[in-house]
Structures are given as C-alpha cells and as structure tokens.
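**Student:** Before we start, here is the structure in question, set down as structure tokens.
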C-alpha cells in the first residue's frame, strides 16, 4: 500500500528493523440536487468562486510542510530536536549536554504533540550554506583553544554514551540519518556481496570499546539537493532532499585548528578516537564538515529514503492471516445463525408444542430476565460512552493518516490531532452513554454525565501525572511542562466536559432502546454453570482470535513507540482496524449466545469484559516485548514502560469491549424480536 500527498509524500519507512508503507487516496465527491432553484444557484455560485480560487493556485501544500527554495549560498539552518535512548525511554533536550552553543539560543514554538513527545527544537551553531562545501570547521573556537569539559560534564557525557543515546538534528524539517551498509552474502567473495543500504534515525552520541568511552566530536554532514527546473534568465533554486551524517571520533592531538576556525582532519586511519574519562577533565574540539551532492530525488519524494520498505510481504501475510481468522469466525457465526438459531426460533414459534418447549433448556427461557438492568448501570454506561469516544477518535485519526495528512513531516500532528479529536468526540460519547443509561432505568443523568466525562480521562490523567513527576525528577524533556498540563486541564473541563454534558442531555431525552420483551418482576434462578463458562476462561477464549488478527501490526507499533522509529503503516493499520472491529463483533455474538443458552442472563458486564479479552493478550505481548526486545534495566524507565502500557491496555479494553458490547446488544434484541413470547 503506498501513499502520496502533494506536500511531502512519505511512502516508506525509516529504520533498520521496521519498514512500512502508507496508503493515500484523493476523495472527490460530487453532489446533485434538484429541490430548490435558489439553493442550486447558491451552490453553483460558491462552486465558481472556489474554482476561480483554485485556478490561480499552482499547488496546494499542508501548512508547515511547503517546500522551501534555496539559492546558491543561502543559509540552511541546522536545528537540534532532542536526545533519545531506547534503553532509558527518557528524552533530553540538546543543550542538556555541553555542546557548543550559538550566541543566542532560540527555541521553536511547538505544537501540543511535539511537547508531549519531548521535542525541544532549538538552533545550533552549525553554519551551513546551500551548495557550499566546508572541509573542516571548528565550533566554539575561542582563541584557538579546545573545549574543556569539567569532571561533572565528563561524567554526564560518559553516562549518556553508555546509555546508547542518539542525537536528532533536522535541516529544512528533514531529520538526520546515519547510513548503514549491510552485506547479505557474508560467505561469498567480496565482489559478489550484495550491499543493503539502510538508515538509522539520528546518530550515536558515542561508543564504548574495551571499557573505554569515546565521543563522536566530528560530524560529516552530507546534504543532497535537487535542482529545480527554471527558465534561462532566472537563477537556479535548490531544495534539500536528504540529510545524512557520518559521526567520527577524533582526538585532540590529531586535529589541527587555526584562528580562523578552520581545521585539518587526519589522513587515513592513523587517528585515534576522542576518549572521555569520567574521572577527570577532558579537552577536545567539536568540529564538522559539509558536503553537498546533487540528487534526482524530487522534493515530494524525499522521505522515501527514510521510509524504506522491505517487509511488505510480512504485512500482507498479516492481512491475509487476519482475513482467514475473520472468515473462520464468520463460518462459525453463520453455522450458529443459519442452523442452530433458526432451528431454535422455529421450535419456539410452534404453537402446538408449547409444553415441550417450556421443558427444554435454551435462550428463550431467560426472555423475562435478559433485559434486566445490571448492577452499576451508571458506571457501565460511562465506560461504554468513553469507548464510543475512543472508537470515533481512533477511526478518524487512522483514516486521515491513511490519506497522508498526518505524515512524519508534520511533526507532532498525529498526537495533537488525537488529543483534540478525543475532546470533540465527547458529544458522541455522552449521547450514547445517556441513551443507554436511560434504557437501563437510570434517573440521575447529571451525575451520569459527570461520571462519563471524568472516569476514564481521570484515570489517564492521574497515571500520566504520577509518571510525569518521576520524569520531572530526571530533568527529562519528556516531562510535560506545567503550563501545558494546565492547558490540557482547560481543554478537558472547557471543551470535553461541556460536550459530554450536551450529548448526554440529548441522549437521555431521546427515546430509550426498544427492547422486544418485557422483564419479569422476580428474577429467574440461574443454574450452576460449567467450568468453561467462567469469566476468566471466557476472556482467554474471546481474546485470542482478535489478537491473532492484529498482533503482527502490534510489533511495528511498539517499535515506533519504544525504539524511536517512524510509523507510517496507516494503510495496513486501517485494514487491521476494520478486521479487528469485525472479529470483536463476531466473537462477542458467539460468546453471548453460548451464555444465554446456559440460561445465564447476566450478560451486560460479562460481555463487556469478555469482548475486551484481547487487551489481556496485548498486556502479555507487552511483557514479552519488554523482556526480549528492550534493554531496560533501571527502575524509572521500567516504570514508564509499564505505566504507559497499562494506559494502552486500558484504552484497548475499552475500545474492544465497547465494540463487542454493542454487537451483542443488537444480536440479543434481534433474536428475541424473532420469537413469539406469550
């Protein structure tokens, strides 16, 4: 699946292990109407206005990702984003380490998503000019003196290197990448070896060798430009299409610097790396070089380098596997509906065999109790309302991202969109919760609306606040600043809460769901249940198939979250999401049918819990991923991992439980509407 946008089309993946694709489509909708002549005139008038506007526009670009044209020797600003490590999961801002600083430090105004991601985009002292080479330049050169790191600074740098930290820079909104050349045929001759070029996000801060720590103090920037076609009398313009770096470690004695901030690199491999001794002061030079190369890659395709896609077969295998699972479920469901259920309904509707029917066991015998309101109807409706809110938000985000509107070039756009959409989807969550609460004979709608607006968001905010306190203690840029936290609270109570109340009010006033049978005054006694009807056994049985339909995609999502890699597989993700919805609905119907056949009418809460059973397997997979894929050993990174994983599992349980509940509710209403009840 491939995607393209007019502005910055990322079609492939960036990292060494995970590659992906994107799907995009341009949707053009034409409408015709013939009700009122005046309305038609207005429609044509506005259409002509829009056409006249678009006719004058040569191209449309998403704000913030439009191409920038450079002329010869125009400055190309190099900015720093952050330092990251998959071992600690704690991002730090660039100047938390003693790098050379410009005369004036300027931080970029960031959106909500960038702040939550821990990005702190700041200017750097690198002086790069378009299509202008630099052999070697010294940073923060004061009277030809090297930089002296204090013992405390040396200890901090050494600690960051041993924790495998990466430095992330950007040029023209394009992230820096380190080229990795892998050879597939190791045993064959050198001439026959196939070179596989892949790219690593950012560059390593340093490396360790034989218990010694070395810092990458020289950066060789390799920037690629695309020359734009211009008329003969116009000056050529250039666009940056790739940003690579080759980090090197060169000791102080091997670098020769002069007073003009120029330097001479050692020839060949005679130089030794720059060691950082954490027990004493260290002297070194920070240097860089710039090399430009012309490229045939056009600006719209410049992300193709980063988003290389070599595992399409794995994703198609995932999709085919998921489709097989869904067809298997559909076969079971069809057998139940076509054979068993129709037979049951036919037998129950025989008027001349009523006495035999009453003696049989089956789902009809609980018709007087199947719609009996459960315990804690307010909490149930509130959780289901939050589930509807999550469902609408996830569906819209994945669909919009699939169209290419939330590409990695729009930094932080995905998380910002998700936050705002969740707030505005509160009206739908409140409406569904209010109507269900009234159906369950609830009366305190104001309290129910408040519970819907605060229960799930309150748990999320509470866990995030506790984790944020630990991140604050580590002085990490991943800590959400206090003003941002206040802004999120204002969004919660100023946007989401009123919208939930509004939706709840109209949902509670609307006619409740029409149940086809009446509820008896005296509850029916429930017979003793078999062992396989246990709630936990039901969770294990119901969760395995939906999880099997999406576990391959889960690996790429976890890699993107915990290993600082790009995720742009929204085309596949959209298909997997549709398959997940179908499989959850089907398994939920099967489970509620077996429960009612066992004459257990307490299906409301049980079905909600059992339908979210795949969240249990997500938790198990998260533990497996932590043990086998990540190298986290410290307490706070482990706490962050399991804290955020708990939020993911809770949200996934709400999502799948809500999908299964409404599918089962529709099924129960359908089957009891099909039988004759005396």
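Each Cβ is built from the backbone N, Cα and C atoms, and glycine gets one as well.
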**Student:** Looking at 278-306, 568-596, which one does TrEMBL call transmembrane segment?
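**Tutor:** It is 568-596 that TrEMBL describes as transmembrane segment.
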**Student:** Looking at the candidate ranges 349-373, 449-473, report the one that TrEMBL labels transmembrane segment.
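**Tutor:** From TrEMBL, the annotated transmembrane segment range turns out to be 449-473.
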**Student:** How about the transmembrane segment (536-562) with the transmembrane segment (449-473) - do they touch, taking at least 3 C-beta pairs under 8 Å (6 or more apart in sequence) as contact?
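**Tutor:** Output no: the transmembrane segment (536-562) is apart from the transmembrane segment (449-473).
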**Student:** Kindly say whether the transmembrane segment (568-596) and the transmembrane segment (639-668) touch, using the definition of 3 or more Cβ pairs under 8 Å where each pair is 6 or more positions apart.
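**Tutor:** Between the transmembrane segment (639-668) and the transmembrane segment (568-596), which are separate recorded stretches, there is contact, as judged by 3 or more close Cβ pairs.
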**Student:** Given pairs 6 or more apart, does the transmembrane segment (412-437) have at least three Cβ pairs under 8 Å with the transmembrane segment (608-627)?
**Tutor:** no
**Student:** Cβ under 8 Å to the transmembrane segment (485-508), counting only same-chain residues 6 or more beyond its ends: which ones?
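**Tutor:** Hits for the transmembrane segment (485-508): 112, 385, 419-420, 422-424, 426-438, 445-446, 448-450, 452-454, 457, 461, 465, 468.
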